[in-house]
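Peer 1: Encoded as structure tokens, here's the structure I'll be asking about.
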Amino acid sequence: MEDVVIAGIAGKLPESENLQEFWEKLLNGVDMVTEDDRRWKPGMYGLPKRNGKLKDISKFDASFFGVHPKQAHTMDPQLRLLLEVSYEAILDGGINPATLRGTDTGVWVGASGSEAGEAFSQDPEQLLGYSMIGCQRAMFANRISYFYDFKGPSLSIDTACSSSLMALENAYKAIRNGRCSAAVVGGVNLLLKPNTSVQFMKLGMLSPDGACKVFDASGDGYCRSEAVVVVLLTKKSMAKRIYATIVNAGSNTDGFKEQGVTFPSGDMQRQLVSSLHRECGIKPGDIEYVETHGTGTKVGDPQEVNGLADLFCQCEREPLLIGSTKSNMGHPEPASGLAALAKVVLSLEHGL
């Protein structure tokens, strides 16, 4: 069975207009989490004053993407960003998007909501109907397929923080199983209103000072953040550029837990990774680095680290390096998996 590879990648992350800027900030240890009023007044409703924000989400080349001005003004900025960054990802793979028209290319997008849709729908007398088309999560994938004339599967996935990696898994398996020859996989998250943050704060999930102190004793919650990342997956024979090969992908869920539905299970994470490695012949000692979920919460970090230690550190080996993008840029929730993947791909590309 032919290998599936990452053939192109593009993204916008906090204070980073593209992946080159993102990489430079990672290398220089720049804190991409900021305190300003680009979304709402810092400290409103007692919220943490800092979060991770994209530089500018106000502009969109509507005519280029075949979007009528009336539609563009009521289209979720998340979808506008996905259209733009998907184009960049395909070009990054050395492919002219026009050559993919009519092909079985699929689209999978990880996203968890549309705060813009709620805002655009507040006044029934002002509704034009376009916000329903521009803000439905189904359209996050379908509009991409429509613009490029892709004929493969097209769907949006919401599994909260794992959404974009679930999208990646589904796309990978679709290519492996012959449902499509290539796939555009995206993850997106924007913070457009304070209400969602207030709910997370009330649940005790947010760091009061707006920082993900990953794997640190001072960890007291996570910092919310924005991101949009898109990768192009293809069969190896189709790729003009190869960043990395995906050797396996899978998922499970924790089931019932006494501590509640939001409590993570390090044991289930360990079981999943162990089974995936066993399927493709990877030994624990072969792994040199793990890019973790690592959000800086008092509950999640210990569960994850203990699971990794049980899996990878029960044999003689060199030290296992671990890390998390969230200590640099905050937690972009449904887009976090692809943001982490971007960091790893960039590290490989630069020989680190």
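Yeah, the Cβs are placed from backbone N, Cα and C, and that goes for glycine too.
Found this in Swiss-Prot, in case it helps:
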ACT_SITE  C161  active site, for beta-ketoacyl synthase activity
ACT_SITE  H293  active site, for beta-ketoacyl synthase activity
ACT_SITE  H331  active site, for beta-ketoacyl synthase activity
DOMAIN    1-352  domain 'Ketosynthase family 3 (KS3)'
Peer 1: Mind telling me which of the active-site residues H293, H331 has the densest Cβ neighbourhood, counting other Cβ atoms within 10 Å?
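Peer 2: The residue with the most neighbouring Cβ atoms within 10 Å is H331.
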Peer 1: Limited to the domain 'Ketosynthase family 3 (KS3)' (1-352), I'd like the whole-number average of pLDDT.
Peer 2: 94
Peer 1: Just counting, how many other CB atoms are there within 10 A of the CB of C161 (active site, for beta-ketoacyl synthase activity)?
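Peer 2: I count 21 other Cβ atoms within 10 Å of it.
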Peer 1: When DSSP states are folded down to helix, strand and coil, where does C161 (active site, for beta-ketoacyl synthase activity) land?
Peer 2: helix
Peer 1: Can you tell me the CA-to-CA distance separating H331 (active site, for beta-ketoacyl synthase activity) and H293 (active site, for beta-ketoacyl synthase activity), as a whole number of Å?
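Peer 2: Counting only the Cα atoms, the answer is 9 Å.
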Peer 1: Could you state the CA-to-CA distance between C161 (active site, for beta-ketoacyl synthase activity) and H293 (active site, for beta-ketoacyl synthase activity) to the nearest Å?
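Peer 2: Just about 9 Å between their Cα atoms.
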Peer 1: Look up H293 (active site, for beta-ketoacyl synthase activity) in the DSSP assignment and reduce it to helix, strand or coil.
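Peer 2: SS state of H293 (active site, for beta-ketoacyl synthase activity) = coil.
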